[in-house]
Amino acid sequence: MENANDILEVRNLKINFKTYAGTVKAIRDISFDLRKGETLAIVGESGSGKSVTTRSIMGLNAENAVIDGGTIMYKDQDLLKKTRKQMDQIRGRDIAEIFQDPMTSLDPTMKIGKQIAEPLIIHKGMKREKAYAQALEMMKLVGIDNAKERINDYPHQFSGGMRQRIVIAIALVNYPEILIADEPTTALDVTIQAQILDLMKELQAKTNTSIIFITHDLGVVAGMADRVAVMYAGKIVEYGTVDEIFYNPKHPYTWGLLNSMPTMDTSGTELPSIPGTPPDLLDPPKGDAFAARNQYALEIDTKQQPPFFKVSDTHYAATWLLDPRAPKVTPPDPIIERQKHYAQLTHEAIDKSRGKHIEEQEEQL
Amino acid sequence: MAKYLAKRIFYIILTLFIVTTATFFLMKFMPGTPLTNQAKLTPGQIHQIYKQYGLDKPLWQQYLVYLGGVVHGNFGTSFQFSNQPVSYLIGSRMGPSLTIGGEAMVVGVLAGLVVGAIGAIKANTWVDTTATIISILGVSIPSFVLAVLLQYYLGLKLRWFPIADWGGFMYTVLPTLALAASPLAETARFMRTQMVDVLSSDYIELAKAKGMGKVGIIYHHALRNSLIPVVTIVGPLAVGIMTGSMVVENIFSIPGIGEQFVKSVLTNDYPTIMGLTIVYCAMLCVVLLITDIVYGIIDPRIRINK
Ligand SMILES: Nc1ncnc2c1ncn2[C@@H]1O[C@H](COP(=O)(O)OP(=O)(O)O)[C@@H](O)[C@H]1O
Ligand SMILES: [Mg+2]
C-alpha cells in the first residue's frame, strides 16, 4: 500500500463494457483511496459509474465487463488479479456490500435468521447453532425488536426499513474491514432514511469499518461522510473533505450538484437542476466531458481533459478554471454563500486549534 | 385453512354442477341419434327403446333425473358397451389412464425441471441451445406423431417394448413417453425462464456478495425460488395429458377412459360422453385444488393462515 492509513487504493481503473452498439467506456481512469475507519462518499448523477466502481471492487461486474487497466489494492493484493474463487473468500468476509433496494435484496423464501447466518457458515465454517446465535446478536445490534421471535420470519413479514437493517446485519455479521453501501437509502422513506444512516454511523463507530458510501443525493452525504469524491461520466472530477466539497467546491459540476440539492431555506422553491444530459459513453468527448453542460466552459475544455489541480492537501479538482491562465469566473450566488461560510469555518477551526494549543501549554506549565 | 378448503370445495361443486348442466343440454341439442339402425326400426320399437332409457319424458324431467343420479355417482346406462352402467365402465377403465397419466406427469415434469435448470445455469451456451431445441420439439411434435414413431422404432424395430395392449409396467413405457414429451417441454421452458430471472435477481447478487460459491447459490437460493412457481403450471399440464391420452390410448389400444371417450363420441353414446366429461372436469378440479394447496405450503409469501 502506498499509504499506511489506507485500506483500499484504486489506481487508474478503467472498465469497459462490450455491447452490440460498441464499447461503453463506463469507468475512464479513476483513482481514489479509502482510509481505515473513514467514510468516503462517491456522488454523481445516475449513470456516472458509481455502481460499476463498487462492483469492480467486489469482483461482481457483469460478464461483458472488460478491465482496461488499473489496480485495486487491498492489503497489498490486487483484487483485479484474483480469480472468482479467491474473491469468494474475500467477499462477505473482508469486503461486504449493501444494495439499494431492500425489498428485493433478500431471498423471499428463506428465513432471515438463515440469511444472516450464511456468511458465518460460509467463511467461518460455523455450525448452525453457533451461527444462529451470532445472527441473533447481529439482529439485536441492528435494532430488530423481538429478535428471538423474529429469527424464523420471512422477509415479507418486515417493512422496508427493517429489511434494510437485515441486509446491514448480513453485511456486518463477519465484521468486514470495508463496507460498500450502494445507495442504501434511495428506496426508503425520508424518515426511515435518517434512521438507517444513523444506524450505519453507530455501527461504524462500534466496528471501525471503512465505508464507501455511494449516492446520487448530496443531501445525505453531509452528516455521513468524512470525504467526498464527485463522479461524472466515468471520471472523478473533484474530491476533498466534506467541508471542502460542501463549502469550497471548485468544479462547475459540483456547483451544479450543490445547487440542485434541497436545503432548509430552498424547501418549496423550485431547484435548478443541471441542464442537459451526460455524454454518450460509447463515444466520450475528447475534452472535459462536462463541457457541453457547463456555462463556464473554456475553449480548452472541448479539446483537452483537465488534469487535477491542487486546492489543498486534501482537495483536488479537475477543471481548467483552476489553471493560473484561466480567466476568473464568479460562481453562482449560492456557491459564494457557501464559500463565505467555509471561510468562517476555517477561521473557527484555526482559533480552536490555537486555543487548544494554549491550553496544552498552560497544562505543561 | 379449513375455511379455505370449504370454500374451494364449494366452488368445485358449483363448477361440476355447471359442467353437468351444460353437457346435458348440449348433448340434447346435438344432431344425430344413438340408434345405429334407426331406419330399420318401427316407430313402436323406437318408442320402446326411448322409454327404456327415459328419453320419452319431458326435457326438464330428464334433466332432474340425470342430476339426481350424478349426485349419487350414477351416470345412467351406456347406450353402447353392452348396456353397462356408465359409472362401472369408467371405474373399470380408470386404472390404466391414471397410471400412464401419472407416469407421464412425473416423468415429464422431473425431466423438464432438469433440462430447464441446466439451460438456465448454462444460459446462452450450446448446452442451453440444445435444451431449447428439446423444448421446441416437445411442444411442436403432436403426441400422436411421437406415439407412432415410438411404436415403430422402439416397439416394432428394436422390440424393446410391446407395441400395444395393456398388462404390466413394460406396456406403460411407450405411451408414457409419448404423453410426457409435451409436459417435459413446457416445464423445461417455464423452469428456464424462471431460473434465468431468479439468477439475475438482487438476492442472488447479495448471495454472491456474501462470498457464496456458484454451486451454493444454485442449491441454496436459485433452485427453490425457481421451483415454486412451477407448481402453477401443473394444472394446465394435466389438461394437456388428459387430451393427449385420448389419442395415445387409442394408438396403443389401452383400455382407459381416453380410449372410451373417443369411442363414445363416435357412437353418440351420450350417457358415457356426459359421464366422462364430468369425471375429467372433476379430476382437473382436484388437480388444481391440490396444486393450490401445495403452492400455499411451499411459498412462505402466500401461506394460508386462516
Ligand atoms: N453490463 C453493462 N453493459 C453495458 N453498459 C453498462 C453495464 N453496466 C453498466 N453500464 C453502463 O455504465 C455506466 C455507469 O453505470 P452505473 O455504474 O450503474 O451508474 P451509476 O452511477 O448510476 O451507479 C452507465 O452508462 C451504464 O449504462
Ligand atoms: Mg447505481
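Cβ coordinates are placed from backbone N, Cα and C, and glycine is handled just like the others.
As annotated by TrEMBL, domain 'ABC transmembrane type-1' applies to B:94-295.
Here TrEMBL flags B:9-27 (among others) as transmembrane segment.
The transmembrane segment annotation in TrEMBL covers B:98-121 (among others). For the transmembrane segment (B:98-121), the residues of the chain that approach it from at least six positions outside its boundaries are 127-128, 131-132, 134-135, 172, 175-177, 179-192, 194-196, 199, 218, 223, 226-227, 230, 234, 237-238, 241-242, 244-245, 248-249, 254, 256, judged by C-beta separation under 8 angstroms.
The annotation transmembrane segment is assigned in TrEMBL to B:133-154 (among others).
TrEMBL lists B:166-185 (among others) with the feature transmembrane segment.
Per TrEMBL, transmembrane segment is recorded for B:227-252 (among others).
Non-local neighbours of the transmembrane segment (B:272-298) in the same chain are 5, 8-9, 12, 15-16, 19-20, 23-24, 27, 66, 70, 75-76, 78-81, 86-87, 89-90, 227-228, 231-232, 234-235, 238-239, 242, 257, 260-261, 264-265, 304; each lies 6+ residues outside the stretch with a CB under 8 Å from one of its CB atoms. Taken from TrEMBL, the feature transmembrane segment covers B:272-298 (among others).
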Intrachain residues whose Cβ lies under 8 Å of the transmembrane segment (B:227-252), provided they are six or more past its termini: 96-97, 100-101, 104-105, 108-109, 113, 143-144, 147-148, 151, 163-165, 171, 174-175, 178-179, 182-183, 186-187, 190-191, 194, 258-259, 261-262, 280, 283-284, 287-288, 291, 294-295, 298-299
